[in-house]
Amino acid sequence: MAVQRTFSILKPDATERNLTGAINALIEKAGLRIVAQKRIRMTREQAETFYAVHKERPFFGELVDFMISGPVVVQVLEGEDAVLKHRDVMGATDPSKAADGTIRKLHAKSIGENSVHGSDAPETAAIEIAQFFSGNEIVG
């Protein structure tokens, strides 16, 4: 296994309930290091760019509105097989189908308000990280 970096967002439904510490604890317990983190309020342009892959989907507008509705915490995570490890600790998109002990099972409100985003591949992670962090902000 190789050490990888992946990208994570703690979404507005998580930050409004002050879950950053609880979610970070689950991430770290899964063996991932948080090597960069900042709390921001996404602009509409940032959210539209970030979720451009979904632009033609019927939920795109609602997704963008949700992501700009409150603060988010953007993160760079590092560890062995980080992308898969993070996806495992996040759990299924639908919290009712997520495994016990996962972030979404414990904290998500719904499929739409599912508390966390994680990159789906190392290549995607590199693109997503570059959207929110400069090299000198990643201090792992």
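Quick reminder: no glycine exception, Cβ is built from N, Cα and C everywhere.
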In Swiss-Prot, K11, F59, R87, T93, N114 are given as binding ATP, so which of R5, R17, R104 is in that site too?
R104
If I take the alpha carbons of R87 (ATP binding site) and H117 (active site, pros-phosphohistidine intermediate), what is the distance between them in whole Å?
9
Max Cα-Cα distance in Å among K11, F59, R87, T93, R104, N114, the residues listed as binding ATP?
22
For H117 (active site, pros-phosphohistidine intermediate) and K11 (ATP binding site), what Cα-Cα distance in Å is obtained after rounding to a whole number?
7
Between the binding-site residues T93, N114, where is the Cβ count within 10 Å the lowest?
T93
